[in-house]
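Heads up: the structure comes next, in structure tokens.
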Amino acid sequence: MAKAPMRVAVTGAAGQIGYSLLFRIANGDMLGKDQPVILQLLDLPQAQQAVKGVVMELEDCAFPLLAGVVITDDPKVAFKDADVALLVGARPRSKGMERKDLLEANAQIFTVQGKALDEVASRNVKVLVVGNPANTNAYIAMKSAPNLPRENFTAMLRLDHNRALSQIAAKTGKPVSSIEKLFVWGNHSPTMYADYRYATVDGQSVKDLINDPVWNNDVFLPTVGKRGAAIIEARGLSSAASAANAAIDHVRDWVLGSNGKVVTMGIPSNGEYGIPADTMFGYPVTTANGKYEIVKGLEIDAYSQEKINITLKELEEEKAGVQHLLG
């Protein structure tokens, strides 16, 4: 018996990340090779022509799982009955723009989108915010959708997680697939804290294998935290394919389960590990049956606590900067 199509809304559909994302969703990489999808694509009025071009290419791939495509500039059309919503579109920082202005510009976008999701999306919609500042944008969307369960809103920390994995693989000379229990705490920003104290590679402790706190502090964390800037420097454009890949990983694990593996998701806190409730924070989680669960009982040493406090402070400042816009 063929499955009924799932409706996947993608905002910023004409953008670089969208272009890397849509073909993989239509190919079944995100929701499974037996799951038909209907893509509901949102972008600004001036981008509609570009979205049409992308849709022509999607048609030309003749994906067996692509059951339909909707193109719109109206969030209520894009989010109608959506099972999954990938909020990729966000206002990028332009030259001379203060972070405060960026937060405010995005707060307006994500308030509108949160309200539209609240009105028309499936009550079980799984929302992933990719557009930066991702944690705070996800917080705004969640707060603007009081009738949806707050745990349905998540922010993308998976790119930081995958970047950390690849750095550990390079350092240990082991394949990425052999590394487990690595995760990232906090904000999707250079303050994130990638934590390999519990990680193993082929069952061996990564911490013991590397055994180099100076490398951790001076090389590993800055490399992972500033990787986005390094890619802009090298490529002249921000990371798009790797961000799309991380979004696919995040949603795939959330929907289909992580098979016991620990992954990282930005999720609303319930006070776990001393993080104030409602903060959209990167946590180690496992996923099963469409739900995520925070890994409990991890010891936080003094160094880790200091790093967590730094990223939390940044998130609290961002949150304070948009509070007046949330009514």
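Cβ coordinates are placed from backbone N, Cα and C, and glycine is handled just like the others.
The active site, proton acceptor annotation in Swiss-Prot covers H188 and rests on sequence analysis. Swiss-Prot lists G12, A13, A14, G15, Q16, I17, G18, N106, Q113, V130, G131, N132 with the feature NAD(+) binding site, giving sequence analysis as the kind of evidence. Under the heading substrate binding site, Swiss-Prot lists R93, R99, N132, R163.
Geometry remark: G12 (NAD(+) binding site) versus N132 (substrate binding site), CA distance 12 Å.
Of all the Cβ atoms in the protein chains shown, 21 others lie within 10 Å of the Cβ of N132 (substrate binding site).
When the Cα positions of R93, R99, N132, R163 are compared pair by pair, the longest gap among these substrate-binding residues is 24 Å. Q16 (NAD(+) binding site) sits 22 Å from R99 (substrate binding site), taking the C-alpha atoms as the reference points.
R163 (substrate binding site) and Q113 (NAD(+) binding site) are 29 Å apart (CA-CA, integer value). For G131 (NAD(+) binding site), the Cβ neighbour count at a 10 Å cut-off comes to 25, with all displayed protein chains included. Each of the recorded positions R93, R99, R163, H188 was scored by the other Cβ atoms within 10 Å of its Cβ; the lowest score goes to R99. Taking the C-alpha positions, the distance from R99 (substrate binding site) to G18 (NAD(+) binding site) comes to 24 Å. Looking at Q16, Q113, the binding-site residues in this record, the fewest other C-beta atoms within 10 angstroms of the C-beta turn up around Q16.
Cα distances from R163 (substrate binding site) to the recorded positions A14, G18, G131, H188 are smallest for H188.
Cα distances from H188 (active site, proton acceptor) to the binding-site residues A14, G18, R93, G131, N132 are smallest for N132. Taking every pair among G12, A13, A14, G15, Q16, I17, G18, N106, Q113, V130, G131, N132, the residues recorded as binding NAD(+), the greatest CA to CA distance is 20 Å. Of all Cβ atoms in the protein chains displayed, 21 besides its own lie within 10 Å of the Cβ of A14 (NAD(+) binding site).
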